[in-house]
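Encoded as structure tokens, the structure appears first; notes follow it.
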Amino acid sequence: MIGIIGGTGIYEIVEMGKDVETKIIETPYGESPEISIFKLHGKDIAFMPRHAKGHANPPHMINYRANIYAMKKIGVERIIATNAVGSLDLSVKPGDFLIPHDFIDFTKTREFTFYDTKTVHIDITEPYCHDLRNYLIESGEVVPNGVYVCTEGPRFETAAEIAMFKQLGGNVVGMTGIPEAILARELEICYASICMVSNYAASISPTKLTIDEVFEVVEGQKENLVKLISEAITKTPDKRECPCSYALLGAEIDEV
Ligand SMILES: [Zn+2]
């Protein structure tokens, strides 16, 4: 099963599907948002609205562990996530889609692991699934790599922070991609993200950021985003051949 975790602008993909049913999953971390399960291009798809319906949870309050655990529980093996981002680079423009190949984590207060009671050091050298990224890159016009910087939010960044992120090698900045990518790897789920550039980050853009500006760009790119995901689903083979499926092998430290 392929999971889609969507922020703003992609609920429409469910309308393309057949035999839609909805489920709320109980997890040890709490209830999941309502997940829509359906068939698309002959494949089983599960769509989860990251913020729950109507943007109920701001980025730092999302129950990431419940979300990813619920996906695992219903049989999701791969997750395509969408994340709204600001661009740190004038050549990556509002409206562009970027498929990140790495991230830098500046979150502060989030529950970021499933392994609090045993020692598991997961390898995350390549945090986004190589194969799943390629299906996305082959499915439409995208910026094929970049470094995603995740901040805690909900405020936007200062000019000094943005200057620092740029120096560190960041290309886009957002608030929702971490710990999702980490938690997925911890449960051996493939994970790739489509970063939708909604604006230039603070001080990169000559004008002040408004939330209206963000929604305007997202609205304009909705259709292309849904098309990109739908195309990537057709390219995704049933069997996985990437190392994500055995990520826990050798990661756990036995008690002495
Ligand atoms: Zn993978």
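Every residue, even glycine, has its Cβ placed from backbone N, Cα and C.
Note that the coordinates shown come from a computational prediction; the quantities given were computed from them, not determined experimentally.
Per TrEMBL, the feature phosphate binding site maps to Thr8, Arg50, His51, Thr176. Residues annotated as substrate binding site in TrEMBL: Met175, Asn199, Tyr200, Ala201. TrEMBL lists 2-233 with the feature domain 'Nucleoside phosphorylase'. What TrEMBL records for Glu157, Ile211 is site 'Important for substrate specificity'.
Structure coloured by features recorded in TrEMBL.
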{"residue": "Glu157", "record": "site 'Important for substrate specificity'", "contacts (Cβ under 8 Å, 6+ apart)": "Gly86, Thr151, Phe165, Val173, Ala201, Ala202"}
{"residue": "Met175", "record": "substrate binding site", "contacts (Cβ under 8 Å, 6+ apart)": "Pro59, His60, Cys150, Thr151, Glu152, Gly153, Pro154"}
{"residue": "Tyr200", "record": "substrate binding site", "contacts (Cβ under 8 Å, 6+ apart)": "Gly86, Ser87, Leu90, Pro94"}
{"residue": "Ile211", "record": "site 'Important for substrate specificity'", "contacts (Cβ under 8 Å, 6+ apart)": "none"}
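For the recorded site, Ile211 (site 'Important for substrate specificity'), the DSSP three-state label reads helix. Residue annotation for substrate gives Met175, Asn199, Tyr200, Ala201. The furthest Cα pair among them is separated by 15 Å.
Each of the binding-site residues Arg50, His51 was assessed for Cβ neighbours inside 10 Å, and the highest tally belongs to Arg50.
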